[in-house]
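Single-structure report; data block below.
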């Protein structure tokens, strides 16, 4: 095998035309790889199994599956071939699942052998070197046979089918050919039996092994199987949890050290992606959390690896810098924002005395927004930032809405930190987490008493709850059931008693029950409302809450400026309010122009405050 760096195909630019490009860049790259390497006819067909020598040397297929289940296919990706030694990785995973890690480790080692894959040799303690050589693979089949007996192969075929996301069959001709010519494997099996690694029925175990090698797959199947390993054991196409993350890690480890026969060291150096090859011409490569790759080309090099498949893997890794040991993640990027509520607030509108408390005590509420999948390194940084950096706010909100996953180690560190914060009288509120969230489940399971944690699905709800605590602690609590005098309405500020009485005379008292719609989006805007008691929410048609209003506040006031309602308003509690028709208000403006001017100035001030608050939020987000 030529070990000099290969020439990488360039990512060809798409012809410019109206509309979006028809092919994603990754598909164009894979197509270029196929065009670049299909002319390479070096290598030989496997001949030690006669049936494999019948393969078409021109076949060349590439498939790549992302962990969100998108499938790229180029060339002969749907041509079936026998899985051969690629099966070893997945049967090893099945053995771990079937008999447990302790039993597998006692039977099979995990060290590279330094010898040919079909060497008739064991370690000094009479174990196969690893599950990727024939001796180790046969031992794996033996472990499964001990549990399932005659059903062992069906268990293997069924599990590999789960990995592939479809039912897989067997090439009976290849199975017969392997059985007829597999004397070297028989020698290995009897050596294993001599040291009690295999049960008595050696021939039955060998038949399981020969059959698993003769399972028919395509390059697409291999890519899906690899992506399942890359996706922590979840098949990204079917969504099924095929194997546990713990077993995935052990499987990928052995694939890294021993998966590419005696080219494994060079492979790790050049490509750096856990992989397994087979003499049928297949290669499977799994890059954790990113992709699964499957290639098929039956021409093999002197290490029994597919010539074209190797070149595809090397080109992909080099072009997109996919080597697993060349990672550039910065733990500091896990904190998207860290701020208090100075200049910002929840969507809950506050009375002036309440807002004054929040303005004075803004540093009592700290908000930390996290982003990305969280692991040991990122959570260590987050926990140090939470516990060692000022300000030491009594109310801490940690937002997880941009966090798709957290590892067990990360959840362990975070759980300990949340417990310590609780013991230090810090009230911790977690937002962006639904009840059924896996992230919430992982954190709650590792927190001393999860009942001490407050959890909200939305960050705004968490901020509103924290604001309520600050207001209540400093004597500003408002009972929404109590009616507020109209003179406390911001829209009617500076109006005297007679002017307010005139407004009341033009208005009608309305009552609404909790959940009742008060204003419908799209309806004519022909009145405005003064909320006397209760709570209402202003929502878009999508259900997104724009504001929450309490006693002493107005809503529907934009009717003064526009004629169509832009949002819904719902009563959150029993509500009492005054409705002022716009026609009546228009008459009032003509009769009392100076009073109307005060109201319009108040409306301008209200809108200005909203704009300032919106700008503060934009500035905050722009700072991170």
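Don't overthink the numbers, they just go from 1 along the chain as shown.
Positions of Cβ are set from backbone N, Cα and C atoms, glycine also.
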Out of 224, 242, 279, which is the one Swiss-Prot records at the substrate site of 85, 134, 178, 185, 209, 261?
279
Taking only same-chain residues 6+ apart in sequence, whose CB is under 8 Å from that of residue 279 (substrate binding site), what do you get?
46, 48, 49, 52, 84, 85, 300, 304
In whole Å, note down how far the CA of residue 521 (nucleoside 3',5'-cyclic phosphate binding site) lies from the CA of residue 178 (substrate binding site).
72
Collapsed DSSP category at residue 581 (nucleoside 3',5'-cyclic phosphate binding site):
strand
Please name which of the binding-site residues listed here, 134, 185, 209, 261, is nearest in space to residue 596 (nucleoside 3',5'-cyclic phosphate binding site), Cα against Cα.
261
Helix, strand, coil residue numbers for the domain 'STAS' (355-466) per DSSP?
57 helix, 25 strand, 30 coil
Can you tell me how many other Cβ atoms are located within 10 Å of the Cβ belonging to residue 261 (substrate binding site)?
24
Using Cα coordinates, what distance in whole Å links residue 581 (nucleoside 3',5'-cyclic phosphate binding site) and residue 261 (substrate binding site)?
83
So what's the average pLDDT for the domain 'STAS' (355-466)?
89
